[in-house]
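Per Swiss-Prot, the features are:
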SIGNAL    1-17  signal peptide
TOPO_DOM  18-558  topological domain 'Extracellular'
CARBOHYD  Asn31  N-linked glycosylation site
CARBOHYD  Asn128  N-linked glycosylation site
CARBOHYD  Asn136  N-linked glycosylation site
CARBOHYD  Asn177  N-linked glycosylation site
CARBOHYD  Asn202  N-linked glycosylation site
CARBOHYD  Asn328  N-linked glycosylation site
CARBOHYD  Asn343  N-linked glycosylation site
CARBOHYD  Asn375  N-linked glycosylation site
CARBOHYD  Asn388  N-linked glycosylation site
CARBOHYD  Asn424  N-linked glycosylation site
CARBOHYD  Asn425  N-linked glycosylation site
CARBOHYD  Asn481  N-linked glycosylation site
TRANSMEM  559-579  transmembrane segment
TOPO_DOM  580-614  topological domain 'Cytoplasmic'
Amino acid sequence: MTSLLFAFSLFLSFSVGSIFPFSISNGPAVNDTLQNAIRSQRDVSKPIPIDRVGFSGVSLSLFFESEGYSSDSLSNLNGLLKENVDGVMIDLYWNEFTSKWQLCPAPFPNNITYTTASNRIVDVSWNNKTYKCDPNLSTDNIMSILNSFIRDTNTDVEANFMHVMYNLKSIHYEKSNQTISLENIYKEKNSNLNVVGMDTLNDTVSLLSSYIFTPTLLKQYQSTSNKYTNSSSSIRYIDSLNETQAIQDFYSQSTILMPSLQTVLLTQYKRLMVHVVTNDMAESSRSYQISSSDKDTIFFNSDLPASIFHTDNASADELCYELSDAYNGTDVNIAEFNKVSLNATLRLVVDDDKTPFTTKSLSKYVRCGYCPIFNSTEYSSQKVTEGNSSIISREFASNLFWSWAPGQPSGPDNCINCTRPTTNNTSKHSDDNGEEEEEGNNIAYKCVALTEEGWEVSNCYEKYLFACQNKLSRNEWKLNNSTKRNYFDIDDDDCPEGYFFSLPRSNIEMLSLMTTVKQENVNYPIWIDLNDITVENCFVSGGPYAQCPYQETVTTDKFVRMIAPSFVVAMVVLVLIFIEKVFRKTPIQTNRKRYWKKAIHEYYAKNDYEGVPS
């Protein structure tokens, strides 16, 4: 019986484990290298204003237009969110017939019928185009996916900052005698018909309200920051500034004062912003009127401007060329870089079927300050499932980072294009008598160097040039071509006065450093202040003794899934033990007691002595 109990409990542990897996996933598992790259770039960018932290996004129109406007078309979204896609662009239509926001570009006739209860897809036409739409589809379908992803990644280690971007459009008609027939077709007449849609813009994101960084929160931050600045009468000297203060001081000169990623993501615990990036609603008496409630939740261009560029024209390339060539024989044009760094705006570049992104063009856009939005329908040709990543991930994963080179961060064993050691691995240290001794053949692939392709994990004992950054001007760098150090020997005193050993924390800072390399005509690799010496794959700045800020954490949902299998198995085992104790009969033991009782009775009957035996 005991062995039977053990076998049954073992079976339960496997079966329950399949019911309550440790990690429920509707998309592909993200490989370790990609996950480390995502987290480390995010960590490096923590002091940077949130509007200048780069991200990549996807336009949902590419799924809807190729697969129809239904919830099934959103099946790839969760997988894309796990693959470093942090933005979702949505075309949102104001239906002037029903006065509701909807995702389908065409109005639904009021006499609409469905073929089956499970299949509610109907063909609807508008402006000489026909669409396949589900009348039940609404923004709640999108927001529930985002909400689930946010809940599953709501830890300091996994949390990322996201963007929901709206393109507002109208299902518009001109009021005239000829349009009475249209109103008879499309205006709601049957009160029993459940017209799906949202009454206000604010309603479209209500499922995510607790996670949204709003214009109201921005105003509170700006008010507090201005009071602090105005009340501070002390003069900060360059030497007394730490890096965080230096970054704050530089970006406080921005056109709009925005909080840092650290403040919003890890202090206020907000996970996303909602923007109206374009407003193409028709002017009409039936048009939607933006309310104060909408303005309290959603960013419009008056709060934070958005600039949208398209790959089918050269306007997006102009800024990239200007920054890449912003130098001459004597110095780098720092003013050009500062103009971009201090301009608070959302810079988006959107591709299409005629001019889709290439690996080369994508890397260029990301490095010069654009946030790419994938909009070509070729990206929707394959389902994203467990073990089957998206086309975006397979072809462009390495190009979505302004920081890391392709295949990084990775050690030399797994690296494809790593820069190999070219110098003698020799460093000097002092013994107990103060005499210098040479120490050779040291290998520690724990430090990060800048190469022409981006950041690479390199041997800390290699002697390279090192990047010195101006404390008060984030895009100004110095590279001493005559001084090379291994990573452990670099000190701030090795940099010119007013500079310190540092690293780029944004795409524009990265591009300004790479432009300085070209201007000063020095060779890669170049050390930057980043390493994972103390904890593997936890990349930190601050020298070789900088500590990893993370502990092993799990979300509440994951914790429940972790303990659920053990809890269920334990309860079943306890129930079985209880049943055994209460209902099990042991006839062998019962017979044994009866036999010995009879034997003893017969013995005393035959040997019945009187008195005390002698």
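Cβ atoms here come from the backbone N, Cα and C positions, even for glycine.
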DSSP state at Asn388 (N-linked glycosylation site), helix/strand/coil: strand
Asn202 (N-linked glycosylation site) to Asn328 (N-linked glycosylation site) - Cα separation in whole Å: 50
When distances run from the Cα of Asn128 (N-linked glycosylation site) to each of the glycosylation sites Asn136, Asn343, Asn481, the nearest one: Asn136
Proximal residue to Asn328 (N-linked glycosylation site) among glycosylation sites Asn136, Asn375, Asn481 (C-alpha distance): Asn481
Among Asn136, Asn481, the one of these glycosylation sites whose Cβ has the fewest neighbouring Cβ atoms within 10 Å: Asn481
Cα-to-Cα gap, Asn481 (N-linked glycosylation site) vs Asn343 (N-linked glycosylation site), nearest whole Å: 32
Packing count at Asn202 (N-linked glycosylation site) (other Cβ atoms within 10 Å of its Cβ): 19
Tertiary neighbours of Asn375 (N-linked glycosylation site) (same chain, Cβ under 8 Å, six or more apart): Val58, Ser59, Ser61, Leu62, Met89, Val350, Asp351, Asp352
For Asn31 (N-linked glycosylation site), the number of other Cβ atoms found within 10 Å of its own Cβ: 13
Neighbour tally for Asn328 (N-linked glycosylation site), based on other Cβ positions within 10 Å of its Cβ: 9
From glycosylation sites Asn31, Asn136, Asn388, the one whose Cα lies nearest Asn343 (N-linked glycosylation site): Asn31
Inter-residue C-alpha distance, Asn136 (N-linked glycosylation site) and Asn388 (N-linked glycosylation site) (nearest angstrom): 29
